[in-house]
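Undergrad: Questions regarding the structure given below will be posed in turn.
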Amino acid sequence: MSVVAASRIARREIRGGLRGFAVFLACLILGVTTIAAIGSVRSAIQTGLASEGATLLGGDAEMSFTYRRATDEERAWMVENTEDSSEIIDFRSMVVVPKEAGTERALAQVKAVDDAYPLVGRVALSPDIPIATALAGKGNLPGAVLHGLLADRLALNIGDSFQLGTQVFLLTARLEREPDTAGGFNFAPRAIVRTQDLAQSGLLAPGTLFTSHYRLMLPDQADLAALEADARAQFESTGLRWRDSRNGAPGITRFVERFGAFLILVGLAGLAVGGVGISTAIRAYLARKTETIATLRSLGAERSTIFLSYFLQIGFVALIGIAAGVLLGAALPILLGPVIETLLPFPAKFHLYPIPLMEAALYGALAAAIFTLWPLAQVENVRPSALFRDQLGQNRPFPAPRFVLATALLIALLLGLASWLSGSTRLTLWFAAGVAIAMIALSLAGAGLRAGLRRLSPKRPELRWAVQSLGRAGDATTPVILSLGLGLSVLATVGQVDGNLRNAIASDLPEVAPSFFFVDIQRDQMPALQDNWRNTPTINKVETAPMLRGVITRINGMPAKNVAGDHWVIRGDRGVTYAGDMPENTKLTAGTWWDPDHAGTPQISFAEEEALEMGLELGDSMTVNILGRDIEGIVTSFREVDFSSAGMGFILVMNEAALAGAPHSFIATVYAEPASEAALLKSVSEDYPNVTAIHVRDAAQQVSRLVAQLANATTYGASTILLTGLLVIFGAAAAGQSARTYEAAVLKTIGATRPQILRSFAWRAALLGAAAGAVALTVGVTGGWAVMTFVMESDFAVIWPNAATILGAGILANLLAGLIFALPSLATRPARILRARD
């Protein structure tokens, strides 16, 4: 093999231009651009979260406690180790607006702050006034700030008054943006008031569900790791939760990393679709170069030299495509940064990020090599006799073993790189398996379509010509079905999952879920409330339970994380209740319930599914911190807990004596007729202003909107796959234009009219599109069923509008591409085509 000779041949070929590489470049550029842009946006968000960690958190560090405020000892530690601090009390409550036409009510996420708030950043208000001025109020009424959504829902204007509990507040400004948004998603819009103004509201009584946060400003040279270790050593046993600016918004960071990794995998699926176009483009290019290759062989050029020359050519073109994709992927986020920032609820820093661009370039290079190597291997099979025989599209033998091995190694390298960079080997392998299964199914569908059509002979001439054309060897059936079908498969899967999730939330939930959750009910209020509900005919069922929250700190004497890993149950505080007799409808799956009057070692009944996930067994010891007090108990039973019903479900239940004396409130779930819900809310709010009502349907709609946003983001990513598929289809149509032109010339010669030929081409394109759409629909329905059944553990039903759209899109897309390139073929005179062919 002569590298010099191969380089010289490659250089001469490139001088002839890049004609024939348009689809190759378009597919590669689009795939690399998508991955680079997604990676750049993810890096921008991660950088924004890191640089604004203190602002998002509200300080350099934060100490949080559940259902209690800091003790004197904890406050003394803060004073000793910090330069400044601010206390925030966070809870839910009802905003009540008395009006002549009827009282309006809405749930709010209340943030009660002190005079030092905010330690970092600035609260954006409308009108633009300081937060201290807004909360100072006017006259005898304290001030309050409401989010615009909440103010609009209650038809409140600046200067209007409303109630929180029994306290009247004056709306002095609308909340535009909070600096400290590290808490993430809330089920209700924000209201901000001063903590001191809640003293007479009745909302912070013992047992009320609230969380206290202490934002800390530290000296410039403070060692965050050492401070965290010291704070945990002294106060973790009393329920301390610590966060600091090193990772001010861990939930947001985790979500961005995981969802960004998923979208990059979607981009890789787009590269896989583009790979079909790359492979098709290389085959078409090499077919046009058959005579040149045969001439070089007849002049004594070695096979390896010829292979290397075309490898260098294609590598050069791939380098151009990768460079263009990287440049576009870097530029688009920067250019669209101001728009993206307005859509994000957290900061992002848009500028040039080399690492995601390098990742995109690596992905592009590997994808180009994988899909180029196989067709390029056919160069070695061209013989000098090709100068005298038409070998176009005829002999495509299986590549030599070394090419198969090299391709396998490149695929393994690509998967390994994706696993490493995404941080989730499992997700990568599942995604790769899904793409591989879809591609195999689509390839088999293409082969099956050709085999089946060979046996058909429709009576209508136009349809018969289309069927015979598709059944011929060397036709573009498989590439078209692969490229279009894979993009439609991803869109179909996303559509089925999205539709089923929305149905589960919007349709199924109201049939089984309660109308309201009522929280913060005091012990002395329970008897009257229960009597009232029991005597109300429109209320079907009421469930009540004591409500506390606790943090699982230790399992079998070891830190909980050492046993259960990063399981969601131990990431924060969880609902805890107690019971003497086993509650009605409780289904024990293992162990036994305690005696109603058990007063010995605390006993625990745990949710079965979560227990299995955490590796718990009957007899394990568990320490739960409740209100700063460690309670160690023994797991004596597992229960079936169905959270999908949205009814009352507790991960952890303890015997009554274990929690004797602990301040707590009660929770109630009320199942009522929909028409009576407004009256129910009115009566509870008026008679018990401290009680907070959570309307289940409103919460479900909020979740549905969140699901829709996630589905839209995924759909946008999947749309790039479909766009790549369309490029491949147009490329395949362009590559087959000479064959269609020859076919049209022959049909004209035997008497076919232009309308007949056009209908034949339309039938051909529609059949291909229908086949791709049908397989994509099958893959999408199967994928949607698998996700809903095994991941979401929910019922599945085919979303037929989405299915019809996918099938119609397949037919329309291929029909459009086929007809665009069919029209020039019809305009060519048969004589010129047939003479040139001779």
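Just so you know, glycine gets a Cβ as well, placed from its N, Cα and C.
Feature list, courtesy of TrEMBL:
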type: TRANSMEM; residues: 21-41; note: transmembrane segment
type: TRANSMEM; residues: 259-286; note: transmembrane segment
type: DOMAIN; residues: 265-378; note: domain 'ABC3 transporter permease C-terminal'
type: TRANSMEM; residues: 307-340; note: transmembrane segment
type: TRANSMEM; residues: 360-379; note: transmembrane segment
type: TRANSMEM; residues: 400-421; note: transmembrane segment
type: TRANSMEM; residues: 427-449; note: transmembrane segment
type: DOMAIN; residues: 720-823; note: domain 'ABC3 transporter permease C-terminal'
type: TRANSMEM; residues: 761-786; note: transmembrane segment
type: TRANSMEM; residues: 806-827; note: transmembrane segment
Undergrad: With a Cβ cut-off under 8 Å, give me the same-chain residues at least six positions beyond the ends of the transmembrane segment (21-41) that come close to it.
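TA: Sequence-remote neighbours of the transmembrane segment (21-41) are 260, 263-264, 267-268, 270-271, 273-275, 277-278, 280-282, 285, 314, 317-318, 320-322, 324-326, 328-330, 332-334, 340, 348, 350, 353, 355-357, 359-361, 363-364, 367-368, 717, 720, 723-724, 727-728, 730-731, 734-735.
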Undergrad: Please report, as numbers and ranges, the same-chain residues at least 6 past the borders of the transmembrane segment (427-449) whose CB is under 8 Å from any CB of it.
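TA: Counting only partners 6 or more residues beyond its ends, the transmembrane segment (427-449) has Cβ contacts under 8 Å with 261-262, 265, 268-269, 272, 415, 418-419, 470, 477-478, 480-482, 485-486, 489, 767-768, 771-772, 774-776, 778-779, 783.
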Undergrad: Can you name the far-off residues of the same chain, 6+ from the ends of the transmembrane segment (360-379), with a Cβ under 8 Å from a Cβ of it?
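TA: For the transmembrane segment (360-379), the sequence-distant neighbours (Cβ-Cβ under 8 Å, at least 6 residues beyond its ends) are 28, 31-33, 35-36, 39, 267-268, 271-272, 274-276, 278-279, 282-283, 286, 293, 303, 306-307, 310-311, 314, 318, 321-322, 325-326, 329, 396-397, 399-400, 403, 406-407, 410-411, 413-414, 417-418.
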Undergrad: Mind tallying the domain 'ABC3 transporter permease C-terminal' (720-823) by DSSP state, helix then strand then coil?
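TA: Helix, strand and coil residues of the domain 'ABC3 transporter permease C-terminal' (720-823) number 91 helix, 0 strand, 13 coil.
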Undergrad: Please list, for the domain 'ABC3 transporter permease C-terminal' (265-378), how many residues fall into helix, strand and coil according to DSSP.
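TA: Its residues divide into 99 helix, 0 strand, 15 coil.
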Undergrad: So what's the average pLDDT for the domain 'ABC3 transporter permease C-terminal' (720-823)?
TA: 77
